[in-house]
2 protein chains.
Amino acid sequence: MTDNEKINPPISIQTLKRLPLYLGYLKSLDKDEIKIISSPIIAKALNLNEVQVRKDLASIKSGGRPKTGYLLEKLIISLEEYLGYGNMNEAVLVGVGCLGCSLLKYNGFENYGMKILVGFDVDESVIGTEINGKRIFPISKLKDLCQRLHINIGIITVTGESAQEVCDLLLEAGIQAIWNFTSIQLNVPDGIIVQNENIASSLAVLSKHLKKKSKVRK
Amino acid sequence: MTDNEKINPPISIQTLKRLPLYLGYLKSLDKDEIKIISSPIIAKALNLNEVQVRKDLASIKSGGRPKTGYLLEKLIISLEEYLGYGNMNEAVLVGVGCLGCSLLKYNGFENYGMKILVGFDVDESVIGTEINGKRIFPISKLKDLCQRLHINIGIITVTGESAQEVCDLLLEAGIQAIWNFTSIQLNVPDGIIVQNENIASSLAVLSKHLKKKSKVRK
DNA sequence: TAGATTGTTAATCGATTAACAATC
DNA sequence: TAGATTGTTAATCGATTAACAATC
């Protein structure tokens, strides 16, 4: 453990995932009307336990005050700072199919500190075109371009069959984090993070729940 | 606890989410070549603990045999059965924007036991059109149509501002499960499941990881 | 029989929740 | 001061991992 970690223990991944929820809720409030907000109110709005909210917020230096609560504006700034929404991470996307295309078109990522610069594909018919201002390059240019642009994040929206291949290519190009939209489990070396966006897992939870309900009804 | 639960304890949500991963991996294997598969092999392929794999597979009746392992074909069938990939859940999608459109175009859901029947929107220019064979209706038809078709799942791909409104409408129409692609936390009564597909949370994990790495490198 | 693997019981680990002191 | 709220320490809960008996 480094000295830094002794003083600022790393927050849990669960807490980290909740921080954007807090931020989203706080930003939805009317800043002119509400100056101060408390953990019980946040907890109620987001269906969370109020102790959990306090603990989460305490883990970033949120400056809450006993009796008073948290200063709304200050809390928003703390969260944005912690989540790094100020300094943009740059990404490339590989696989400009149906899903890839809609991610390229989506402009909301920039609110979360990520910007997709370019796309890659093998399909001649999309290479050279622009989608939402983002140029599509042949996959042969991937390594060179990523290295030159110092890209950190690779988004994989190809089919399952080519996912690992694309992943390896991205790693060769020096990418540090992968956002995986395929249902394949990617093999990466230690230190590289893979975030899986797994539709099948979500659907499994949904449909199991439905099945249970229909059984109860019978 | 019901008698049924005493005999077949409900599996944990974590296990449930991993089942599609097992299935995907097993299906990717060559059935002609591989007849039998063991937990250490599955675990290695998916970067999981082998005890976890065994426990997960034991929770559905997978019929593994000591010394031998699991019969590949039988295991696939057990998983598909448990996940209910045989009987289709029917869904509607509300919000035919950029993301909604690409979900309508995506045909992979049917492999996971879900079928989107129709879409809804307020935008006159999309109402009446078809996307991938799915008709788009005005939102005023939502309640009637969902009730008549006995729809179970509602997919919300509208903007955050109208998300709760749409959610309430879906609940009125008798929907039992909601797949929420907005970053809003939806309020639903007990017994309704909401599965959040939260891009902001995923990005928070990715970018925190990158920040830590760049610090270490300094 | 010996070796390999499953399935289960016990131990460990981590996250959530409860209790409570500190504080404005 | 009394009441409300934060932040932290302790207790609980649930999931993962380890140990091991059962078995082919």
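The backbone N, Cα and C atoms fix where each Cβ goes, and this holds for glycine too.
Feature list (source: TrEMBL):
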DNA_BIND  A:21-60  DNA-binding region
DOMAIN    A:85-185  domain 'CoA-binding'
BINDING   A:GLY95, A:VAL96, A:GLY97, A:CYS98, A:LEU99, A:GLY100  NAD(+) binding site
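Within 8 A of the CB centroid of the NAD(+) site residues A:GLY95, A:VAL96, A:GLY97, A:CYS98, A:LEU99, A:GLY100, the other residues of that chain are A:CYS101, A:SER102, A:LEU103, A:ASP121, A:THR157, A:VAL158. With an 8 Å limit on C-beta distances, none of the binding-site residues from A:GLY95, A:GLY97, A:GLY100 reaches chain B.
The binding-site residues considered are A:VAL96, A:CYS98, A:LEU99; of these, A:CYS98 has the fewest other C-beta atoms within 10 angstroms of its C-beta. On the 0 to 100 pLDDT scale, the domain 'CoA-binding' (A:85-185) averages 95 in this prediction.
Note on the binding-site residues A:GLY95, A:GLY97: the fewest other CB atoms within 10 A surround the CB of A:GLY97.
Annotation for A:GLY100 (NAD(+) binding site): same-chain Cβ neighbours under 8 Å, separated by at least 6 residues, are A:LEU93, A:VAL94, A:GLY119, A:ASP121, A:ILE155, A:THR157, A:VAL158. The helix, strand and coil residue counts that DSSP assigns across the domain 'CoA-binding' (A:85-185) are 37 helix, 29 strand, 35 coil.
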